[in-house]
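Data first, discussion second: the structure below is written as structure tokens.
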Amino acid sequence: MYTPVKCYHPYYGPFDPCPPIRTKCYQTPPNLYLGFQPMNLQQYPLQEALYKGTLWPCLYDPYPTPVPKGGKG
Amino acid sequence: MWFYEKKLQYPVKVTECNPRLAKYLIEQYGGADGELSAALRYLNQRYTIPDKVIGLLTDIGTEEFAHLEMIATMIYKLTKDATPEQMKEAGLGAHYANHDHALYYQNAAGSPWTATYIAAKGDPIADLYEDIAAEEKARATYQWIINMSDDPCLNDSLKFLREREVIHSQRFREAVEILKFEKDRKQFF
């Protein structure tokens, strides 16, 4: 399943001076997966497209990525 | 030749005088992965790229200038009425000494823009791969600035610009596919 964010858990050493960030995440926007865009995909209404920055729902990647329902922040 | 439309591609609203944020935003103005670098990179590479993708580089290069104009507006608004004292506190003392409130093509650390930020290898695949990398780096830069900014109006414009980077990267990736396809086809002759 496509997710716009991937996370991993970096090593934290016993003598690392800063409080640990247990989970590090990076963005993986949809353009990494789409390949050559197929014809006749769904489009946003014009006003919404101008606001969002793209005509194509399949390429819309809000940032910061909204937290999915029931997911942790 | 270009036609100029006297409006921004997307509205720019700034909530508060915040020269500190302007200092960070200069990265997208005159930095290595900024909008000036992007515009000049694409509008220069387009002369020696296969016909099928020239138009793409022209269109995206032109749009980058529209983005440059938005960034310029943001920086201008964020610093417009800042006192020398505020500029100093925001880490822009050296900038003020040299430029007053004028904008300058430099990165967030104050290094002036240089042509070494852009490449033109003349190899279509190498050039397009550089363009894809440049778009992803600009996208990441926008993320880091959004992460540091607490101005909701400004962030709205920055999120628009970030989305455009995603789309441009997508189109460059498609350009690579077009060139790959053309190469395959010749083998049938």
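Placed from the backbone N, Cα and C atoms, the Cβ positions cover glycine too.
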Listed by TrEMBL with B:E64, B:H67, B:E135, B:H168 as binding Mn(2+), from among B:E27, B:E35, B:E89, is B:E35
For B:E135 (Mn(2+) binding site) and B:D59 (Ca(2+) binding site), the CA-to-CA distance in whole Å is 15
For B:D59 (Ca(2+) binding site), the closest of the binding-site residues by C-alpha position, picking from B:E35, B:H67, B:H168, is B:H168
Within the same chain, the residues at least 6 apart in sequence whose Cβ is under 8 angstroms from that of B:H168 (Mn(2+) binding site) are B:I60, B:E63, B:D131, B:E135
